[in-house]
Amino acid sequence: MACGGKRLLFLALAWVLLAHLCSQAEAASNYDCCLSYIQTPLPSRAIVGFTRQMADEACDINAIIFHTKKRKSVCADPKQNWVKRAVNLLSLRVKKM
C-alpha cells in the first residue's frame, strides 16, 4: 500500500507541475507584443506615457510603447533618436512631479 501511496503522490505532484507550466505558457502567449515599429515620429505633445518592451521577456523585439492622449499604443524603435528624446522628456516630466 505504501508503494501505491507514493505513486499517487507522484502523479498528483506531476499533475500540479504540468498545470502550472501550462498556465505560464498561456500567460506568455496572451501578452500583447510589438511586432514592428512606427516609421514616422510622434509629436511629443501627443505622448502621455510609455512602457518598455524587452526582447528577453515574452516578446521578440525591444520596443518603447508610447501611450497617446487618444488612448492609442504606438510601438517605436528604442534606438531611434526621436524615441530617446521623447523618453527623456517624459522621464523629466515625471521627476518634476
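Placement of Cβ uses the backbone N, Cα and C atoms for every residue, glycine included.
Residues or ranges marked as disulfide bond in Swiss-Prot: Cys33-Cys59 (among others). The Cβ neighbour count for Cys59 (disulfide bond), using a 10 Å radius over every protein chain in view, is 16.
Sequence annotations record features per position, and here Swiss-Prot assigns disulfide bond to Cys34-Cys75 (among others). Under DSSP, Cys34 (disulfide bond) is assigned to coil, being neither helix nor strand in the three-state scheme.
Feature annotation from Swiss-Prot assigns signal peptide to 1-27.
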Round to a whole number and give the Cα-to-Cα distance in Å for the pair Cys33 (disulfide bond) and Cys75 (disulfide bond). 9
Those disulfide-bonded residues listed as Cys33, Cys34, Cys75, and which of them has the most Cβ atoms within 10 Å of its own Cβ: Cys34
In three-state DSSP terms, the structure that Cys59 (disulfide bond) belongs to: coil
